[in-house]
Amino acid sequence: MVVHLISLLTQTLALIILSLPSIINTSQLDFDTLVFKQCDSLAPNIFQKTTPNYSNNSLFLRAQALSSFLRKLESESSWSKFFKTLVGNEEHAVSGWFQCREDYPSGICHKCVGALREISYRLCGNATSARIHLRGCHLIYKFERIDTPGAQEINNHHNYKLFESPEHGLIHKICEGATAETLAGFEEMRAEALIAAETGVVDGHGFYEDSYKLLHVVAQCDGHVEACDCGECISSAAAAAAEECRWSVAGQIYLEGCHVSYTYHPHELPNDSYHEEGSKVNTGKSLAIVVGGVAALVFVAIFFMFLKSLRKKGDGTLTLLLVLISFYSIFI
């Protein structure tokens, strides 16, 4: 009986330990903070909260196509970190994609794309093209006319401009702090860290996150960008960081096709995943504390059961003692 309870508690502890990383990390992720947006158009908002004037049939078809496009992206985000598509007809079609940060869990990706959908309705409901970046994901779309009637998916329409190889032009930059001028060797250290990111995105299939000396670097390419182009894009981002954010202790560079960010940490390097620029998340330490606490409680419960079993004479006492010794050795 006691051995059966030990087995049950051990299985329960294992389940708790397996679920803790996602519970701790996802609760600390700042995935839906708006980084920047670009909305091109001066047309009326087709998703305005007041009753829209759908007497203009073209406006109605645009709203319908964009709504279908955004719903499609949100649906696909349940199991994919990147998805591109074209939705609509030959007169009102929307092409574009979403992409989540590669090291974020699928559940967070889905929530992030849901947030993108709501933000696009609110901030870019009038846009003929838009780009919205949140911390954990981004969205790009464009209205366009197509020559093939009835087209529904972009997979057979690689000729559209939105999906051509990017020119790696600068889209947006964020340069935080201007204190690195007093730090000896800062520019060289940043250059070396971003060179490592250039190689890392090729080896990491478009995503890289790591710490180099006193810098933490995150780099990612759009999902349709080939490996060689991805490395070139990160190289261009590194050059842009050196020029645009020369003495900034933290910077974010967004180009056509990729983005890269770096953060200077003079005292503590974040070696765990899900690190967010601007907030240090020590998930490894939190996880160790929680797991240790749970393990201690389970061991105490088993120990008291063992003491209780000593009151009874039985053949299983020696076996129980051996099991407890083995179990205890795991946690010391």
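Sequential numbering from 1, following the chain as shown.
Note that Cβ sites are derived from N, Cα and C of the backbone, with glycine treated the same way.
Within the listed segments 8-25, 242-259, 314-331, TrEMBL records transmembrane segment for the stretch 314-331. Within the model, the domain 'Gnk2-homologous' (168-267) carries an average pLDDT of 93. Under DSSP, residues within the domain 'Gnk2-homologous' (168-267) fall into helix, strand and coil as 39 helix, 33 strand, 28 coil.
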